[in-house]
Amino acid sequence: MAARIKPVMTDRAVIWAATGLAVAVMLLLLAPLGALGLSFSAATLTVAEGSALRFTLWQSVLSAGISVVLAVPVARALARRRFVGREVLIATLGAPFILPVIVAVLGLLAVFGRAGWVNGLLATLGLPAFSIYGLQGVVLAHVFFNMPLAVRMILHGWQAIPTERFRLAQSLGFSPRDVQRHIEWPMLRAVLPGAALVIFVICLASFAVALTLGGGPRATTVELAIYQAVRFDFDLPTAARLALLQFGLCALAFLVAARVALPSGFGAGGGRIGGPPAPGGWHRAGDVVAITLAALFFALPLGAVVLRGVPGLVDLPGQVWAAAGRSLGIALASTAVSIGVALVFAMAAARGRAWPALAATLPLAASSLVLGTGLFLLLQPYVRPSSLALPVTFVINAALSLPFAFRILAPEARSLYTDYHRLSQSLGLTAWARLRWVVLPRLSRPLGFAAGLVAALSMGDLGVIALFAGDAEATLPLIVHRLMGAYRMDQAAAAALVLVALSFTLFWIFDHWGRRYAAA
Amino acid sequence: MLLLENVVVTQGAFRLTADWQAAAGARIAVIGPSGAGKSTLLSVIGGFFGADSGRVMWDGVDLTRMDPGARPITTVFQDQNLFPHLTIAQNLGLGIAPGLRLARADHARVDAALTRVGLAGMGPRLPAQLSGGQQSRAALARALLRARPLLLLDEPFAALGPALKADMLALVAELAGESGATVLMVTHDPKDAASFAPITCLVAGGVAHAPQPTAALLANPPPELAAYLG
């Protein structure tokens with residue numbers, strides 16, 4: 001049917017623009033991969049590389065498994081209890097997605113670190129201390145980031161169960177156990193594998209967490225090994241080999257993720273009437289404990305950063321503000337590019353083409369360090385890498401956030417097209433008039449939300465910049481990391497506070513702007 | 001004069017042909033069973049679907065390759081005729097200048113068109129603040145501003161009650177009479193055809209038949225139409 005619609009000028013303009021951008025995205029991904037391939041020499045992995053691969057897979061499995069298992073009781077409690085602040089809590093579960101990794105790590109160190117609150121408690125009780133470095137620390141941080149995502153996905157599954165089914169169960173006299181067995185467990189069986197897979201894939205490309213909490217022969221991810229090969233050993237053939245290995249991991253994950261219908265993590269949690277029955281007694285106590293522990297697990301580290309960071313705000317070193325300016329510039333530039341490209345792809349996809357979706361999601365198959373290493377190999381014979389740190393970070397941030405922006409925009413662009421394409425055509429709206437009077441106003445809400453996500457992600461990103469930056473090019477997350485490395489923890493916390501404030505403010509401004517503009 | 005010259009449209013197994021002409025100023029009802037291709041016929045004339053072969057001509061000009069907005073045609077759809085985020089005045093303004101750069105005189109024309117269809121003073125409102133009948137009136141007011149010689153109505157009043165629908169048909173007849181526009185109107189209801197259109201195009205069995213006098217057609221329907229009318 002769509003193929004029968006006559007292509008008109010604006011359609012052609014969109015398709016041509018999308019084609020050009022798709023070629024650009026392909027080149028951006030293929031050129032670094034080509035450079036990696038050319039410097040490929042030996043196919044065998046050294047012992048260290050093999051253990052990096054094993055660690056990467058093992059920590060991903062553990063992180064995914066633990067996140068999902070812990071998320072189930074929290075999601076169930078949120079699904080069946082109604083309390084003041086529930087909506088806020090559910091909305092807050094989306095926050096870790098845009099929380100800069102380095103900020104969370106700093107908070108986790110304050111709570112679980114050597115001199116942290118938990119170890120203080122353990123010492124008082126006469127128990128052995130918990131070390132946050134190594135596998136357990138990496139997994140802890142991954143659970144911190146991904147359990148909220150799992151909760152949202154599982155909560156979505158719970159809310160998708162028709163209320164009638166619970167009413168039927170009640171009328172048949174089901175006990176809570178029967179409800180679990182006949183209604184809730186089948187839902188979980190359908191939702192959990194997808195949720196675990198998403199988290200597994202996210203953790204495969206973990207860099208910043210491994211950089212700060214991992215390291216050493218026993219806790220190095222492939223991404224971290226790439227960084228070390230370039231930065232410490234300047235062993236470019238090894239870096240290339242590792243980058244290809246990481247690309248293989250990501251590409252595999254990409255193929256799996258493309259085949260499995262991923263549960264949605266956004267927008268769950270309306271205040272619907274009904275829902276699962278809320279049994280009393282110890283079930284109730286269990287739910288209270290689950291929600292309280294989860295809320296503390298997320299609130300304490302952030303609270304620790306705030307407590308520690310506020311005093312240091314007054315005399316932050318000047319380099320922090322300079323780095324904040326650089327980070328803001330990169331975030332805004334990559335947001336503009338990423339959202340612009342995603343919008344063109346979304347509009348082309350709405351016109352019934354399949355390839356724009358592929359072009360927009362392809363960056364998922366690459367990681368920050370893989371692309372960075374490829375570009376490093378390409379460019380370092382000609383220019384000093386540090387002089388390219390900021391442009392490269394901007395381009396890679398824009399490319400890597402493209403899939404998220406596209407996913408948010410595509411369905412909205414599709415329904416806009418279905419509803420108003422013929423009217424726009426019959427009025428003879430030009431491409432510009434259509435953008436100004438139809439597309440931007442109608443899509444401002446998803447555009448604002450997507451722009452907020454991309455800006456916050458880019459603001460907090462600590463990836464490729466670490467590969468390229470010298471002293472004069474550091475972004476704010478990198479400055480926080482360097483302050484931590486120098487054990488200037490109070491300054492690190494203050495800079496982290498600035499970082500998290502900027503990230504959330506960027507998100508809020510864009511999202512708010514989108515909603516306001518869409519108010520009509 | 002509207003001329004459909006050996007027009008053939010296919011969509012999978014569906015096939016529709018049309019080969020007829022209609023005089024300028026004619027008011028034509030398009031009637032037939034659902035799924036027979038009434039809307040498809042209008043889409044081909046309006047330029048939203050490409051025909052596989054044949055030509056659509058208006059006054060000797062070949063429209064077949066023209067973009068919808070460039071054709072001497074205004075289409076009023078079944079729904080989604082107004083952008084919900086633009087005011088009624090802006091929605092009408094799009095009919096004058098698709099970039100919405102309006103001169104003072106254009107605003108006066110918008111106001112005059114609103115008054116003409118009985119919506120005086122409604123310009124600043126959003127479509128959602130208007131009733132269904134008023135929204136239809138706004139769409140007609142925009143058609144008035146566009147002043148194209150051919151008006152295609154794809155059941156725009158189907159959701160209105162009988163009295164409102166009769167009002168709207170009377171308004172369309174009046175406006176078309178004033179401007180001399182040719183009107184093609186898809187309808188489910190033989191009473192609409194009888195009251196509004198002296199001639200009727202029957203779409204059935206894969207053919208959009210040449211328009212014939214409505215009264216005679218309804219009084220003595222061919223088998224496909226008889227089955228539809230029941």
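Backbone N, Cα and C atoms are what each Cβ position is placed from, and that goes for glycine too.
Annotation comment: TrEMBL describes A:53-257 (among others) as domain 'ABC transmembrane type-1'.
The transmembrane segment annotation in TrEMBL covers A:58-79 (among others). Distant neighbours of the transmembrane segment (A:58-79): 86, 89-90, 135, 138-139, 142-143, 146-147, 149-155, 157-159, 184, 188, 192, 195-197, 199-201, 203-204, 206, 219, 221, 269, 275-276, 286-288, 290-291, 294; these residues of the same chain sit at least 6 beyond its ends, with a Cβ under 8 Å from one of its Cβ atoms.
Per TrEMBL, the feature transmembrane segment maps to A:88-113 (among others). Here the transmembrane segment (A:88-113) has Cβ contacts under 8 Å with residues 78, 119, 130, 132, 137, 140-141, 144-146, 148-149, 151-152, 155, 208-209, 212-213, 265-266, 268-269, 291, 295, 298, 300-305, 308, 452-453, 456-457, 459-462, 477, 480-481, 484, 489, 492-493, 496, 499-500, 503-504, 507 of the same chain, all six or more residues outside its ends.
According to TrEMBL, the feature transmembrane segment maps to A:125-145 (among others).
As annotated by TrEMBL, transmembrane segment applies to A:190-213 (among others). For the transmembrane segment (A:190-213), the list of distant contacts is 56-57, 59-61, 63-65, 67-68, 71-72, 101-102, 105, 108, 132-134, 137-138, 140-142, 145-146, 149-150, 153-154, 156-157, 219-221, 223-224, 227, 246, 249-250, 253, 256-257, 260-263, 265, 367-369, 462-463, 466, 477, 481, 484: same-chain residues at least six beyond its ends, Cβ to Cβ under 8 Å.
Per TrEMBL, the feature transmembrane segment maps to A:242-262 (among others).
Residues 70, 73-74, 76-78, 81, 89, 92, 96, 99, 103-104, 106-108, 110-111, 117, 144, 147-148, 151, 493, 496-497, 500 of the same chain, all 6+ positions outside the transmembrane segment (A:288-307), place their C-beta atoms under 8 angstroms from a C-beta of that stretch. Residues or ranges marked as transmembrane segment in TrEMBL: A:288-307 (among others).
According to TrEMBL, the feature domain 'ABC transmembrane type-1' maps to A:324-510 (among others).
As annotated by TrEMBL, transmembrane segment applies to A:327-350 (among others).
Remote same-chain partners of the transmembrane segment (A:357-382), defined as residues 6 or more beyond its termini with a Cβ less than 8 Å from a stretch Cβ, comprise 18, 21-22, 25-26, 28-29, 31-36, 38-39, 205, 207, 223, 226-227, 230, 236, 239-240, 242-243, 246-247, 250-251, 253-254, 257-258, 341-342, 345-346, 349, 388, 392, 396, 399-400, 402-403, 406-407, 410, 461, 463-464, 467-468. Taken from TrEMBL, the feature transmembrane segment applies to A:357-382 (among others).
What TrEMBL records for A:388-410 (among others) is transmembrane segment.
Sequence-distant contacts of the transmembrane segment (A:447-469) (same chain, at least 6 residues past either end, Cβ-Cβ under 8 Å): 97-103, 207-208, 211, 227, 230-231, 327-328, 330-332, 334-335, 338-339, 342-343, 367-369, 371-373, 376, 385-386, 388-389, 392-393, 396-398, 401, 404-405, 408-409, 440, 475-478, 481, 499-500, 502-504, 506-515, 517-518. According to TrEMBL, the feature transmembrane segment maps to A:447-469 (among others).
Marked as transmembrane segment by TrEMBL: A:489-510 (among others). Long-range contacts of the transmembrane segment (A:489-510) within its own chain (CB-CB distance under 8 A, at least 6 residues past either end) are made by residues 95, 98-100, 102-103, 106, 110, 302, 305-306, 308-313, 316-317, 320, 323-324, 327-328, 331, 335, 448-449, 451-453, 455-456, 459-460, 476-477, 479-480, 483.
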>> For the transmembrane segment (A:242-262), give me same-chain residues lying six or more residues beyond its boundaries with a C-beta closer than 8 angstroms to one of its C-beta atoms, as numbers and ranges.
In response: 33, 36-37, 40, 45, 49, 52-53, 56, 193-194, 197-198, 200-201, 204-205, 222-223, 225-226, 229, 361-362, 364-367, 369-370, 373-374
> Short question: which residues 6 or more past the ends of the transmembrane segment (A:125-145) have a Cβ under 8 Å from it?
Replying inline: 55, 58-60, 62-63, 66-67, 70, 96-97, 99, 101, 104-105, 108-109, 112-114, 116, 118-119, 199, 202-203, 206, 209-210, 213-216, 218-219, 221, 297-298, 301
